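Engineer: Okay, so TrEMBL annotates it like this:
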type	residues	note
DOMAIN	21-495	domain 'Major facilitator superfamily (MFS) profile'
REGION	499-518	region 'Disordered'
TRANSMEM	21-46	transmembrane segment
TRANSMEM	66-85	transmembrane segment
TRANSMEM	97-116	transmembrane segment
TRANSMEM	160-183	transmembrane segment
TRANSMEM	213-232	transmembrane segment
TRANSMEM	345-365	transmembrane segment
TRANSMEM	371-389	transmembrane segment
TRANSMEM	401-418	transmembrane segment
TRANSMEM	472-491	transmembrane segment
Amino acid sequence: MAIAVLNALDNARTQWYHVTAIVIAGMGFFTDAYDLFCITAVSKLLGRLYYFNPDSEKPGKLPTNVNNAVTGVALIGTLSGQLVFGWLGDKLGRKKVYGITLIMMVICAICSGISFGHSPEGVIGSLCFFRFWLGFGIGGDYPLSATIMSEYANKKTRGAFIAAVFAMQGVGIIFAGLVSMIVSKIFLVYNDAPPYNGGEFDRVFSTQPNADYMWRIVLMLGALPALLTYYWRMKMPETARYTALIVGNGKQAAMDMEQVLDIEIEADQAQLAQLKAANNYKLFSIEFWNRHGLNLIGTSTTWFLLDIAFYSQNLTQKDIFPAMGLVNKDVDVNALREVFETSRAMFVIALVGTFPGYWFTVFLIEKLGRFIIQLVGFFMMSVFMLIIGIKYEYLKNDNKWLFAVLYGLTFFFANFGPNSTTFVLPAELFPTRLRSTCHAISAASGKAGAMVGAFGIQSYTLKGSTSTIKRAMMILAATNMLGFLFTFLVTETKGRSLEEISGEDGSENGTENYHHKTTFNAGRLSISSRSGSTGNRTN
């Protein structure tokens, strides 16, 4: 069933408004990544400031449970926010709840730098409280940004546009390291101090009192990009697909899109009413699970398994940097110098490993397809992490440069791989009525995996011992291989309209007839459609 307003969107040429929408939605992900990952740069400083023991030969360190709470509480908030705002996005509309997420991020990022009292309990408790609600706002941005971009885009460039929105996460990770590095360097210039093991009184003086302001400034700066984006986000119209297919107002959908896109659209009200009536099933219905159940299991499990590895990498890199020789030992530097070196290492790894992977996905996703990129990414991550786990002593002691290269490649193939595609696929596979909710379920599964990384894997790496880091790397290699296998539950979406993918248009090529099967033909892996009538193949 061809609906004029939807057909016009699918075939519209790429216009300036598409670029504007990418920037507006992408700035939310820039903020998300900055807020979630800047804590990695300053968490060791919190240990020096609030858990200092003058009798210890090592600087103050956050206890394992406190460290896990500080770095992981935002992930709990994110999971909760994804489910709540994802559901609201389908019930109330994408635009109505889109601004609320930014307001929460601005307020809570500022409040993250404010603490009640001066005791460790007061500071850490208030930090965790506000970072939970910061994560709650961040969580809403995942399903809403992905859904809005998928519903605005044309079918030829939709994957690249959604991936470009998500690629701003890479920019946010870079800026988390860059801003922390700049701010710590400024403080270091005016507040130099001896290293921790420099002399009798140096254990006390190695932690500069003004460093207590430094970490607060870094966290509070996360409010700035969200604040700058708010006005433009509120000017975006509701997506035409929501207005047409859910509200049932084809005329308003046509008017909204004509205002922002240089196209003329006819309103097919009668056809819209038919299409809406034919797709009025709910999430917890037999019809939904017959049509989309395997895809939802596939998107949820792959995102869960990916985020165990991805967030473990990002949250624990501060513990692995010393083994790679990218930073000095904690006893050989003062507090601000440690932040500077950790931030610098984060920045370098993100710039040469993390960032390029996102944009390889943007430029190649419409050529290679989501399925192949995800498969290859999971496989390569598994290989590199297994090598690091097996040869950890050799890499740590005899070949630090190779260690850095292998570690950087795991980031590259995470982002030129499942970290991008697990975000793209749930925005395309599901019907308009449930698209935001299903993306939220998939994303929340991912954050559950991230919590496994924050509260589980991080416990292995926090002590920095060789045996525990080796074990952690091997566990992550295994989870990535599981992600490789579960990828076969999802469907390739390249080049098809959202309504064709989900079966909303009544076509026979919906997701229930388009799952992959694998065959080996003369030693070559091929992926083919289960639908015997169409003969379609995706290689």
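Using N, Cα and C of the backbone, Cβ positions are placed for all residues, glycine too.
Worth saying up front: this structure is predicted, and the values here are computed from it rather than measured.
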Engineer: Quick test of the contact rule: Cβ under 8 Å, at least six residues beyond the ends. What residues does that give for the transmembrane segment (472-491)?
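Structural biologist: Residues packing against the transmembrane segment (472-491) from afar: 294-295, 297-299, 301-302, 305-306, 308-309, 312-313, 316, 370-371, 374-375, 378-379, 381-383, 385-386, 388-390, 392, 418, 425, 429, 457, 460-461, 501, 511, 514-516, 518.
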Engineer: Quick one: average pLDDT across the domain 'Major facilitator superfamily (MFS) profile' (21-495), no decimals.
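Structural biologist: Mean model confidence (pLDDT) across the domain 'Major facilitator superfamily (MFS) profile' (21-495) is 87.
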Engineer: May I ask whether the transmembrane segment (401-418) has at least three C-beta pairs under 8 Å with the transmembrane segment (213-232), counting pairs 6 or more apart in sequence?
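Structural biologist: Since fewer than 3 Cβ pairs under 8 Å link them, the transmembrane segment (213-232) and the transmembrane segment (401-418) do not come into contact.
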Engineer: Give the nonlocal contacts of the transmembrane segment (66-85) in its own chain as ranges (CB under 8 Å, at least six residues past its ends).
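Structural biologist: Beyond its ends, the transmembrane segment (66-85) has Cβ neighbours at 35-36, 39-40, 43, 46-47, 51, 97, 100-101, 124, 127-128, 131-144, 311, 315, 440-441, 443-444, 447-448, 450-451, 454-455, 458-459, 462.
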Engineer: Quick one: find which recorded stretch in 21-46, 97-116, 345-365, 371-389, 401-418 has the most Cβ pairs under 8 Å with the transmembrane segment (160-183).
Structural biologist: 21-46
Engineer: Going along the chain, which residues at least six beyond the ends of the transmembrane segment (371-389) come within the CB cut-off of under 8 Å?
Structural biologist: 302, 306, 309, 361, 364-365, 395, 403, 406-407, 409-410, 413-414, 416-422, 425, 470-474, 476-478, 480-481, 483-484, 487, 490-492, 516, 527, 538
Engineer: May I ask for the residues of the chain that lie six or more residues beyond the transmembrane segment (401-418) and have a Cβ under 8 Å from a Cβ within it?
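Structural biologist: Residues 170, 302-303, 306, 309-310, 313, 320, 323-326, 349-350, 352-358, 360-361, 364, 373-374, 376-378, 380-381, 384-385, 387-388, 395, 483, 487.
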